[in-house]
Amino acid sequence: NGARPPQVNAGEDKKADCGKKKMKEGAGDGGRMELNPWPAFINERLEMYNKLKAEHDALLAERAANDSKPIKVTLPDGKQVEAESWKTTPYHIACGISQGLADNTVIAKVNKMVWDLDRPLEEDCTLELLKFEDEEAQAVYWHSSAHIMGEAMERIYGGCLCYGPPIENGFYYDMFLEEGGVSSNDFSALETLCKKIMKEKQAFERLEVKKETLLEMFKYNKFKCRILNEKVNTPTTTVYRCGPLIDLCRGPHVRHTGKIKTIKIHKNSSTYWEGKADMESLQRIYGISFPDAKMLKEWEKFQEEAKSRDHRKIGRDQELFFFHELSPGSCFFLPKGAYIYNTLIEFIRSEYRKRGFQEVVTPNVFNSKLWMTSGHWQHYSDNMFSFEVEKEVFAL
């Protein structure tokens with residue numbers, strides 16, 4: 001049982017096949033353009049997927065013909081709707097209530113689990129229809145947006161996609177590139193291709209596949225092979241497709257890429273595979289998306305206002321402190337700032353004494369393991385001053 005299939009070695013022991021193609025430069029401010037032709041792995045992966053999808057569709061049709069039975073679907077208000085197992089989908093039920101509800105629903109929740117709107121119901125169940133205002137719906141919306149951006153990244157950079165999750169405000173996707181890197185000058189080309197993908201209304205398709213088959217499908221990408229070998233402990237797992245992109249994913253997703261109405265790519269950084277300094281360096285691209293253009297404008301306005309409220313900017317403007325490249329991440333206090341700093345320290349010490357506390361002095365620099373435990377690393381690592389010592393990452 002512990003033996004690894006031959007294709008795993010092929011995917012893991014040699015360099016990843018993606019990311020080797022030298023990236024083309026095009027006209028315009030971005031300097032990037034879609035690769036022509038696409039990397040070979042995209043079409044090879046799609047060909048394999050199409051065969052598996054045909055088998056799946058035939059099996060689903062047989063199940064719908066032979067195993068379908070009447071089921072009851074209970075809505076949040078207690079009303080019960082008649083449906084058929086392996087045929088009726090949450091989208092069908094939403095349409096039966098109103099087309100407006102169906103159009104505005106991001107994702108379904110079946111027996112308290114998020115569920116694709118086009119995935120057939122299997123048994124008696126409860127059903128909730130979630131709109132963008134719901135936190136779980138936002139996570140799904142941004143996860144689907146990450147797949148759109150991932151498709152654009154493959155078609156522009158030709159690299160190996162790694163992780164692409166939703167986060168608190170938006171999403172990101174990591175990519176491994178053998179050559180070159182990502183620049184903010186690329187954002188325009190990425191956004192343009194994302195909008196093209198959105199306009200095409202590519203359906204999100206869910207497919208459950210055997211692990212060994214997926215190791216063959218993703219043999220060009222050593223990172224996906226690692227995920228399959230190290231994270232997947234079941235005989236099968238799921239992939240999702242939109243357009244030419246097929247990716248390991250538990251889902252669920254929106255119905256199609258056209259459900260994403262506005263998208264903005266706004267930041268990039270570098271990171272390490274799974275945050276480990278002795279692993280490969282990856283390129284990370286961040287984005288945000290909304291179902292309404294007005295919401296994006298409000299977000300952009302908030303970002304500008306946040307910049308003006310940034311304590312680092314205010315402190316410089318008020319001549320409290322300044323920053324210098326000789327000590328990145330640390331501020332140099334000017335007289336006014338030093339006065340405020342010392343006043344605060346004296347106040348804190350007086351409160352210690354009142355409450356019977358004793359003072360200790362701790363380091364300023366810690367191993368990144370501490371920041372991972374505290375949760376800082378997952379949210380603020382891009383803005384922390386970090387450095388490597390003996391293959392360990394430390395941060396201020």
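Just so you know, glycine gets a Cβ as well, placed from its N, Cα and C.
Taken straight from TrEMBL:
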REGION    1-34  region 'Disordered'
COMPBIAS  11-27  compositional bias 'Basic and acidic residues'
DOMAIN    67-131  domain 'TGS'
DOMAIN    335-396  domain 'Aminoacyl-transfer RNA synthetases class-II family profile'
Overall pLDDT of the domain 'TGS' (67-131), taken as the mean: 97
For the domain 'TGS' (67-131), residues assigned helix / strand / coil by DSSP: 14 helix, 23 strand, 28 coil
Composition by DSSP (helix, strand, coil) of residues within the domain 'Aminoacyl-transfer RNA synthetases class-II family profile' (335-396): 36 helix, 10 strand, 16 coil
